[in-house]
Amino acid sequence: MQNQSVQQANISIMSSFSGSKKVYAEGSSPDIRVPMREISLSATTGAFGEEENAPVRVYDTSGPYTDPDVQIDIHEGLGALRTKWITGRGDVEEYNGRIVKPEDNGYKKEDHAAEYPGLQRKPLRAKPGKNVTQLHYARKGIITPEMEFIAIREHVSPEFVREEVASGRAIIPSNVNHPESEPMIIGRNFHVKINANIGNSAVTSSIEEEVEKMTWAIRWGADTMMDLSTGKDIHTTREWIIRNCPVPVGTVPIYQALEKVNGIAEDLTWDIYRDTLIEQAEQGVDYFTIHAGVLLRYVPLTAKRTTGIVSRGGAIMAQWCLAHHQESFLYTHFEEICEIMKTYDIAFSLGDGLRPGSIADANDEAQFAELETLGELTEIAWKHDVQVMIEGPGHVPMHKIKENMDKQLEICKEAPFYTLGPLTTDIAPGYDHITSAIGAAMIGWYGTAMLCYVTPKEHLGLPNRDDVREGVITYKIAAHAADLAKGHPGAQIRDDALSKARFEFRWRDQFHLSLDPERAMEYHDETLPAEGAKTAHFCSMCGPKFCSMRISQDIRDYAKENGLTEDEAVNEGLKEKAKEFAEKGSRLYQ
C-alpha cells in the first residue's frame, strides 16, 4: 500500500502484521463482511512427524488499511460501508446542512483555515417523526445489519446483541453520517473495548500528526477514537479523522464551543453549544462526552479536595455555573440535546466532570453525587431511545475500585461503564500507563465495558506516535485479562495457542500471536539475532542447559520411548540416578 500525504506531510499507512492476513466472515447478505485478522501457525514437529496447527482468527480494528486488495487515498476517505444499510431503512433524509464558518476552525473572518479536500456529501438526518437510533430499532425487535455484523465479530447470536442493546446494557455508536465505520458494540457482556485519545492542542501537533496517530492506534487495536483537539483547525482535523476512521469517533463538544468564545467559559451560551453539537453531528461524530451532571450545588463539594476538579469539561462547566450562579445549560437543556442525538444516532458518553484526580479524592461525596445525576439523565435519554454510556474515574486505589462498579450498575441501571483507568497510585509519572492498567484490568473484570487508555505521557505532555502504541498495547493487555477473567467465549484461544507455541519453541508463531509482534521479535533478537535462533529450543534467559520447557519436553520424550507416563518417567529417572550414585561408590564428593 502506498504512503499518502496530508498537505505534503507523510502519513504512515499500515500493512498487516507479519504472519497475518486480512480475512472476512460473511453474514446473511454479501454486504455484511466482517473483518478478522487470521494468524497462520507452523506445524508442530514431534516424535511421530508433523502435526498441523490451525490458524487463529482475532478481532481486527485496523479497517481496510490492512487489506492488500484495497487502495486507500486519505484525501478521499474510506468507502461508505454502511450507507446502503442506513438509507435502506427509509427513515433518513439528505439536507444541505450548516455552512462551515471560520470560527469553527478557531479563525477570525480574514484568516484562512485548512480544508478537507475529499468527498463532500450532504449530511443525513432522521425524517420528521422518525428515530434512527440502534436502541430504537432494538426495542422494536428489529435486528439491523449492524447488529448482525457485531454478532459475527463477538461470536454471539444477533438476537443476543439486539437484547443487550434494547435493555440499555450495550450501545452501538453509529452516527448516520459516519458510514465509513465498521459496527462495534460497547457492553459488559461483550469483549472489553479500549479507546485511544488523540487531538491537537494550542501548543503542539498538527492535522497530519493526528491522522497518523489515528491510523497507528487502530493498527494496534483501538476500538474507538476520541478527538480531543483544542487548537486551530478543530473542524478540519475532525473531518480528516472521521472520513478516514473505520472505528467510532467521540468528542467533547464543549472544547470546541469554548474555542468559539476565545476560551472564556462564562461567555458560553446554549445557542453556541447547540450549534457546535449540530456541526459535529453532521460531520459524523458517533458519541459525545457531555458533562451534564456537574450541577451548581455540587461544585462546593470539591473545595476540600486535594486536586479539585481535574476534568477539563467539568472545570469549564463549574466555572460557568459559578459565574452565572445558574444551573448548567447542559442540564437544563438536556431534553433538547436528546432530540439532536436521536436525529443522527449519536450516543451519550455522560461525562464524569467531578471524577477524582488523586487517590486522596477517590469515592468522595462530589464524585458519587454527580453519579446520581448521571443515573437520572440516563433514564431521560432512554425515554428518547438515545444510547448512553457512563464515564468513570479516574484515580482510585485498588480496594475502592469495586465500589465504583457496584454503584454505577445500581444507579445507572446497568448502562455501560467507560473508565479512564483508574490509576491505582499517584507516584509514577512516566509510568501511568502501568498504574492505570492495573485498575483497568480490575474494573474490566468487575464489569466495565470500555477502558480509556492512558499513555506514559499522562500528566506530562501530549502523546506522540510511540506513546499511542504503548498506551494501546498496555490497555489491550488489561482488556484481554478482563475478558479471560469474565470467561468471554473464545477469549483463551489465543493464549492457549501462544502457550503451545512457546512450549514447542515455535518462536515465529510466538511473535505472530503476541499483541505486539514487532516488540516481541525485537527483544528476542537483541541477544539471539541469528536466523537459527528462531528454531532453537532455548532463549537467552536460561540458555540451552537450564530451559525448564526443554527439560519438560525431554521427560515427555523419555516417557514415550519407554512406554511410561510422565510421572513414571520422572521416577524411573530418579531410580537411574540413584543406581548410578551407588555404582560410583556412594561418595558425596567424587
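Note that the numbers count up from 1, one per residue, in the order the chain is shown.
Just so you know, glycine gets a Cβ as well, placed from its N, Cα and C.
Annotated substrate-binding residues in Swiss-Prot are Met226, Tyr255, His291, Ser311, Arg312, Gly313, Asp352, Gly353, Leu354, Arg355, Glu391, Tyr418, and among Asn189, Asn197, Asn200 the one listed with them is Asn197. Annotation for Asn197 (substrate binding site): spatial neighbours Met225, Met226, Leu228, Cys452, Tyr453, criterion Cβ-Cβ under 8 Å with sequence separation of six or more. Neighbour counts were taken as the number of other C-beta atoms within 10 angstroms of each residue's C-beta; across the binding-site residues Arg355, His459, the minimum falls on His459. Closest to His459 (Zn(2+) binding site) by Cα-Cα distance, out of the binding-site residues Ser311, Gly353, Arg355, Tyr418, is Ser311. Least packed by the Cβ count within 10 Å, out of the binding-site residues Gly313, Gly353, is Gly313. Most Cβ neighbours within 10 Å among the binding-site residues Tyr255, Tyr418: this distinction goes to Tyr418.
All protein chains shown were included, and the count of other CB atoms within 10 Å of the CB of Ser311 (substrate binding site) stands at 24.
Less than 8 angstroms from the CB of His395 (Zn(2+) binding site) sit Pro356, Gly357, Ser358, Ile359, Asp361, Ala362, Gly421, Pro422, Leu423, Asp426, each of them six or more residues away in the same chain.
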